[in-house]
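Marked as signal peptide by Swiss-Prot: 1-27. Per Swiss-Prot, the feature domain 'Inhibitor I9' maps to 74-138. Under the heading domain 'Peptidase S8', Swiss-Prot lists 150-690. Among the features that Swiss-Prot reports, active site, charge relay system is placed at Asp174, His252, Ser618. Residues or ranges marked as N-linked glycosylation site by Swiss-Prot: Asn196, Asn238, Asn426, Asn761, Asn774, Asn800. According to Swiss-Prot, the domain 'PA' annotation covers 425-524.
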Amino acid sequence: METNPRKLRSYSYICLIVCIFVLVVCAILSRAEEKEGKGENDDHIPKIYSILVEGEPLAFRASTNINSKAMALEAKKIEEIHDEILGSTLEKGSYTKLYSFKHVINAIAVRTTASQAKKLGKTKGVKAVEEDKGVKLMTTYTPDFLELPQQVWQKISNEGDRRAGEDIVIGFVDTGINPTHPSFAALDLTNPYSSNLSRLHFSGDCEIGPFFPPGSCNGKIISARFFSAGARASGALNSSLDILSPFDASGHGSHVASIAAGNAGVPVIVDGFFYGRASGMAPRSRIAVYKAIYPSIGTLVDVIAAIDQAIMDGVDVLTLSVGPDEPPVDKPTVLGIFDLAMLLARKAGVFVVQAVGNNGPSPSSVLSYSPWVVGVAAGNTDRSYPAPLILDGGQTVQGVGLSGPTLGAPLVQHRLVLAKDAVRTNGSVLQPLTRDIEECQRPENFDPAAVFGSIVICTFSDGFYNQMSTVLAITQTARTLGFMGFILIANPRFGDYVAEPVIFSAPGILIPTVSAAQIILRYYEEKTFRDTRGVATQFGARARIGEGRNSVFAGKAPVVSRFSSRGPAFIDATRSPLDVLKPDILAPGHQIWGAWSLPSAFDPILTGRSFAILSGTSMATPHIAGIGALIKQLNPSWTPAMIASAISTTANEYDSNGEIISAEYYELSRLFPSNHFDHGAGHVNPARALDPGLVLPAGFEDYISFLCSLPNISPATIRDATGVLCTTTLSHPANLNHPSVTISALKESLVVRRSFQDVSNKTETYLGSVLPPNGTTVRLTPTWFTVPPQKTQDLDIEFNVTQVLNKFTFGEVVLTGSLNHIIRIPLSVKTI
């Protein structure tokens, strides 16, 4: 018998490997069986689906009176067809109909199982079935930053903000509105709103309910509805949070509405501190509310129902600071039901504005795809709220936090205590150091005598990254134990973190950079005495927190915000680039003040406050909605495409220093030159957008031709989605008459055409120039032209590949007019 120890160890090792291999295989097989079993059981879990049905919706039928008896009969017929489709296809008791969409889209929302939805997909009269993926939510200074009082409101009326936005209705699909907020009051008896809504070509309704009593629709708010069938069907509604009325329990919808349409000159006072006066972009515009998002749940079918109703009511502008959680996986992005609803809104003459999302700075992170909607990116202004921590000895460390100074400032310094040095002990036994101690999450962790009257240093750790820890918990701990103040420093193990100004009820500062945190910790250790066990026995470090509520205006602006989603837009689940520029435009979206709602269900730290400072593309979007309303007011005959063109072609691509707009990326301390996939056409310039000189018109038929020209999408698919045949196609998708040119795969050469319409009242001569994207040459034909008022002029743009780069590069066409109009057309090209 072999007894060599080395060989025995070898055999044992082989046996061990075999055993591990067998266990791993068994685990994989078990996991696969479990997954397969779950897949089979998933069919018993009802989900929400949107069913696109053949037939034209009511808004696009011959009759123009949507409220006539004839149209009411047509609406009834459509609903009967919907019921027949469901009743004849699905098993009794296997479904719940949530909505019959009849106005701008012909569709059904239904809750049923996957197998039943599959049956519907094969039913005659059904064009498409789409599973509901859910939806998510995507100023005292910005009117001045955009020069509205000086350059825009006075051009519209010599009464300025008293008429800016007059008779324009902006619709908001969001979380509702706080009807008692002063931003939405109608108390100016010297400038009352007309009660005659017929002259606005608008017909809405005011649905009363909890916290939304009669009288909530006051002339400023002219319509308010809520949509909850999808939310109810999801089973996720929380009766204590999700108020079934147009009332905004979260604050988001009120914030968005105030940015676009809030009253002018509203004092922003929080915790007794005056931050300035707020105004919407179009302060005299009317507000129509369509609540479709709740604190606990948001479903796409509720959003579609809200869009459908908004178009029927007759809004001029539609603001969508919401969007699907993710793109459709089984169809082109531009043919998802959300994008189709926006296409039909555009067909109805509504200017639609959509947030591109907050998934930046990753490429192809936009959730806006289609050329018929304006996708808005978010930028920083030059306003900031620095919060200083002044160490004993005079060194100042800058942080972030909207709070007042510590008691006795600027003369009195207070003891600094690191949270882990103030842990409650059990006799001589030290409490084990845990994450929630470092993060100051629970008052019972601390020795009250050590922290009372002290500035406590808390550490940003993994609890904040996994959302188990909150700044609110720190403030509650501070209040319970009587902290003089607190600091939340970056953790060297995790690196820098992103900090936004937060309104603190007690003095507090966020220190988001490791370098600044190390300055504080180094000073602290120099002044702290420890015993042989490392336990702090004497705290010698002193500091004070300075005033953090005063704004400072400095630095370059605008800058593309880190969170703002980036292009290119894509057409399918593989993220193949789409020949459409997204985002379209950049607008202020960082640290924006706006109205809030007292319950603040989304953010408890803001509970009880009437104003909030927030960041997001949700905040950028209403800026463009309000500016669109001003353009519509000045040019009531303009189509949505003309308004979008005016905003795009007049945008600024340079910042306050005269340099190309910069963008934030992953590194907190650095800025990088931005490109069209960061900022779109550039930062909105409202004054120039009011008088663009030339615009690029496009209509519903043009968008259908664009769809029909997209590769790998059959005419049948287009017909099923839109109800329109592909009678004409473009030679290339980039030939859509759009205020930008995006070519996702340029081989050898391509000529695209743009058709401009003069919208001034004087003949003007334009001279063309080109900054070609790298790897191309670009030629214009003609190189100059003269166009009379209201006439059109075609421009051919010829691209030739000089180098295959297999990546997007960027340039622009510039048309300089003899009457000082300047039109910029962004170019984004990938040579292959």
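Placement of Cβ uses the backbone N, Cα and C atoms for every residue, glycine included.
Shown are the recorded positions Ser618, Asn800; of these, the residue with the fewest other Cβ atoms within 10 Å is Asn800. Residue counts of the domain 'Inhibitor I9' (74-138) by helix, strand and coil are 24 helix, 22 strand, 19 coil (DSSP-based). Each residue in the domain 'PA' (425-524) gets a DSSP state, and the totals come to 37 helix, 22 strand, 41 coil. Within 10 Å (C-alpha to C-alpha) of Asp174 (active site, charge relay system) lie the following recorded positions from Asn196, His252, Asn426, Asn761, Asn774, Asn800: His252.
Here the candidates are the recorded positions Asn196, Asn238, His252, Ser618, Asn774, and by Cα distance the one nearest Asn761 (N-linked glycosylation site) turns out to be Asn196. Taking Cβ-Cβ distances under 8 Å and a sequence gap of 6 or more within the same chain, the neighbours of Asn238 (N-linked glycosylation site) are Pro295, Ser296.
Cβ environment of Asn774 (N-linked glycosylation site): Gln803, Leu805, Thr809, Gly811 lie under 8 Å away, each six or more residues apart in the same chain. Taking Asn196, His252, Asn800 as the recorded positions under consideration, the smallest Cα distance to Asn426 (N-linked glycosylation site) is found for His252.
Listed in sequence order, the recorded positions from Asn196, Ser618, Asn800 having a Cα within 10 Å of the Cα of His252 (active site, charge relay system) are Ser618. Here the C-alpha separation of Asn800 (N-linked glycosylation site) and Asn196 (N-linked glycosylation site) works out to 57 Å.
Taken residue by residue with DSSP, Asp174 (active site, charge relay system) is part of a strand. Looking at Asn196 (N-linked glycosylation site) and Ser618 (active site, charge relay system), their Cα atoms lie 31 Å from each other. Mapped onto three states, the DSSP output places Ser618 (active site, charge relay system) in helix. Taken as a whole, the domain 'PA' (425-524) shows an average pLDDT of 91 in this prediction. In the three-state DSSP classification, His252 (active site, charge relay system) falls within a helix.
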